[in-house]
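Annotated features in TrEMBL:
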type	residues	note
TRANSMEM	C:16-37	transmembrane segment
TRANSMEM	C:44-60	transmembrane segment
TRANSMEM	C:66-85	transmembrane segment
TRANSMEM	C:97-122	transmembrane segment
TRANSMEM	C:142-163	transmembrane segment
TRANSMEM	C:184-213	transmembrane segment
TRANSMEM	C:225-252	transmembrane segment
TRANSMEM	C:273-296	transmembrane segment
Amino acid sequence: MTSPLLDIRGLSKAFGAVQACEDVTLTLERGEIHALIGPNGAGKSTFIKQVAGNLDPDSGRIWFDGRDVTALDTVARARAGLGRTFQVSSLAMEMSVLQNVVLGALGKRGRVLRFFRDVMRDAALLEVAREALNEVGLTGVAGTRVADLSHGQRRQLEVAVALTQSPKAFLMDEPMAGLGGEGSARLTRFLDGLRHRAPILLVEHDMDAVFALADRISVLVYGRIIATGTPDAIRRDPQVRAAYLGDEALT
Amino acid sequence: MRREPLLNATVFLGLLAVPLWAWAVDEPFTITLATRVAILALAGVGLNLALGLGGLVSLGHAVFFGIGGYAMGILASHAQSYSALIEWPVLIEGTKSMPVIWLVAMGASGLAALAIGALSLRTSGVYFIMITLAFGQMFYYFAIGWPAYGGEDGLSIYVRNGFPGLNTLDPIQFFAICYVILGLALWVFSRLACSAFGLALGAARQNAERVMAVGIAPYRLRLVAFTLSGVITGLAGALFADLNRFVSPVMFSWQTSGEIMVFVILGGVARLFGPVIGAVVFIFLEHMLGGLSEYWHIYLGAVLLVVVLFARGGIIGLVAGRERRHD
Amino acid sequence: MSLILFIEQILNGVQFGVMLFLMAAGLTLIFGVMGLINLAHGSLYMIGAFAAASVAGLTGSFGLALIASLAAAAAAGALIELTVIRRLYDRDHLDQVLATFALILIFSEGTRWAFGSFPLFLEIPPYLSGPVTLPGGIEYPLYRLAIIGVGLLVAAGLFALIARTRIGIQIRAGESDREMIAALGINISALYTTVFALGAALAGLAGALIGAIQSVQVGMGEPVLILAFVVIVIGGIGSIKGALVGALLVGLTDTLGRVLLPAVFSQFMAPQAASSVGASLASMSIYILMAGVLVMRPSGLFGKA
C-alpha cells in the first residue's frame, strides 16, 4: 500500500491564547479531491498557510510525497510539487495574462537567471503557458493586462498558473470565491477532471461544489477537525449538523 | 509608431547631436555638459535596474558611484606618483588606463553591492530605504576619515586617464566614450527587462507571494539585480571622476544618492530612457535655474514635488501616457 | 584610560543617545501611525535650531529660545502635513521619499537664502554653563547633564502620553488598525496633523538643544536624521521603547568607539596610524552594530516580527 501523497499529522498553531489550529491530522490520497470546510473563523486560513509554508506550526509534521517538508519554506514546497491557488487572486497585476503563465512555467523550469534572451519568445515556456491558458479558456485574453481582467477571469488565471507547475498536488484556497453560478459550475467540471492529474486539497465555501466534487470531506470547527468522511457520511453526521451545517444546507 | 520609442530615439540622437554641433562651433563647455548628462544618465540606468525593475528603493546608490570614483582616484593617484598600491603579498601598481580602471570600479562596486544587498534585502519596504541610506553614510564618513586618499579634501588627478587609440583630453572623444557606454548600458537594460530574469524580478516587485508560489525565491533575484545595479552605477562613478579629474567624499553623500534617484523619477521610473531624460532635464534645470538664482535647489525641489504629487510616471509618463508593452 | 574619563564618556554617549531619541521617537511615531517615511524630519530639527538661535539673539532668553524652537518646528510640521504630507499617506514609499527629499531641498535652500551660509551660534545660558561635580569627584558640564535630564523627561512624558491619555489610545489604535480609529469616530486627519506636529516639535527641540553645543547651520539635520534611521532599524519601527534603547545603544557605541578604538589600536600600532585606523573604524562602528542587528533580528530589537 502506498502512503498518502500529502500526510499532515497533529498540526497545532496558537496565536496567544487563541488556538487557531489544534492537532489537525489530514491526508490527501492520489487521485482524490479532499475538501476542507468549516465556518468562518474555523482556522482554515491558518491551516492552509501552514501547509503552504507561510506559517510555521507550533507542533506537528507535514509529509509530502514521502518527504518531511515541515521545515521547508513556500518556495521549496512549490518546487517540491505543491501547486497553490490563493483565495484572493495573487497575480502580477501590471503584467499580461500570458506573462503571468509564462512566469509559472519559468518557475517550474527553473534557470531563472537568464539575462539576455527574450523570455516571451522562449518556445518551450510559451507552449506550457499557452496550454494552461487554453485549458481554462483564457486564450482569447492572453495579451490583456491582468488589472483589466474581470474577477472571474482572474480566478481562472489563478488556476492556469497553478497548472503550469504540473504539480504533484494542488492546494486550492476557495477557488470558487466570487464566481457566479455559471462560473463555478464550469470550474467544478474542470476540477472534476483535474483530480486524475493530481489530487486536490480544496478549501471551499461553495457547498454545491464541495458535495459535487469531493471524495472525502473534513470539517474544521474552532481549529479542530470534527469529522472526516465521504460526502454522504458528512451529510449524515449529527455532530457536523449540530456544529456547522444546519439541516437546510444538506437537503 | 508609439510615442515612447519616438521620444527615446529623439532624446538619444539629440544627446549626440548637441555635442557634435558644439564641437563644430567650438563650444567645449557644451560638450562637457553633454558628457555630464551621459554619465549621470548611466548612474541612473544602474539605479533604475534596482528601483524600476526590482522595486528596490535604494537611497544608498552614492556608495557605488563613490566607489567607482575612488577606484579611479586611487589607481590614478598611485600611477601619477609612481608608488605601488600594495607591495606585499603581490605587487599592485596604479594605472592610467581607463579600461583597467573601469573593470576595477565595476568589480569593487559590485562586491560592495553584493555585501550591502545581502544584508539590507533581509528586510523590505521602509527598513530597506533607511538601511541603504545608512550604509551610504558609513562610506561617506569612512572616506572623510581615511587620510591616505585626501580625506575630506578629496583627490585630484592631473591628467585624464587614457583609452587605447583615443585622445581622452579632447572633450568630444571623451564624450564619445561615455555616450557609447551609456548606449551599451541601455541595451543591457532593455535585454534584462524582457529576459527570464527581468520577468521574474518584475513579478516579484508586483507580487512577491505569487513568485514564491511558483517556486522562485525573490531574495536571490533582488540580490542579483542590486549587484548589477551597483556595477553600472560604479562604472558611472569612475567616468564621473575622470570627467572632473577629481574625487571627493561628496560622491558618497546622501545628496548624491538623492540626485541619482531624482533623475530616474523625473524621467520616469522603470522606463528604459527614464534616467536619460531625467538627467537631461536635471542638467538643463541646473543651468537655467542656476543662472537665475543661487538658490536654484528651491525650484528644483518645487519641480520635484509637483512631479511626485501630480505627474506620476515622470516626463515620459506625461508625454507617452501610462501605456505599457503587452505581449 | 582612567575610570573618571570613562564615566565622562559614558555620560557623553547617553547625552548623544538622548538627542537621537528625540529625533527617532518622532520618526517612529509618524511611521507607526501614518505609515510614512519622512526624510524632511532633519529639516524640522534645523528649523528648531534656527528659530532658537534667532530668538535667543533677539531676546537673550534661552527659555524663550526653546519655546520658539518647539513652536516653529511644530508649526512647520503642521504646515507641511496639511499641504504636502497628507497627500502621501496612500502613496508608496518611493513617492514619500521623493516628496520629502524635495522638501529638504526647499527647506535647506530657503534657510540658506534667509540666513546665509554662515553658521549661527546659540549661547548656553549662564545658569546652565560651567561644570558640576558629580559624586565620585567627576566634573561634568551642567548643560550636557541638563540635556540628558530633558531627554529622559520627554521620554517619560511620551510613554505616559501613549499609555495613559486619550490621544495615546488613538495613536495605539491607529498603529494596529487604521480602520478602527475611523470606526471609533475619531477625526483621523486632526489626529495625523497632531502626531506629525508633535514629532516635529521633538525634532525642533533636539535641534535647539544641540545648537548650543554645535553650530547652527544649513545641512545640520540630515546626518542626525540618518543616525535616527539607524536607531529605528536597530530598535524596530513603530516602537518608542525600541527608539529609546536603540538611541542609547547608538549613542554609547559611537562615543565609546571614538575613544576606545584608537586606544585599542595604539597597543599594537604606531600612535599616528592607530589614531587614523581607530577613527575610521569608529566612524563605522554604529553601522556595524546595525548590520549585526540585521543579521540577528531583521525587524529590529523591539519590532514586530
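A Cβ is built for glycine as well, from the same backbone N, Cα and C atoms used for every other residue.
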The transmembrane segment (C:142-163) versus listed stretches C:16-37, C:44-60, C:66-85, C:97-122: most Cβ pairs under 8 Å: C:16-37
Of C:16-37, C:97-122, C:184-213, C:225-252, C:273-296, whichever stretch has the most CB pairs under 8 A to the transmembrane segment (C:44-60): C:184-213
Criterion met for the transmembrane segment (C:184-213) and the transmembrane segment (C:16-37) (at least three Cβ pairs under 8 Å): yes
Two-stretch contact, the transmembrane segment (C:97-122) and the transmembrane segment (C:66-85), at least three Cβ pairs under 8 Å: yes
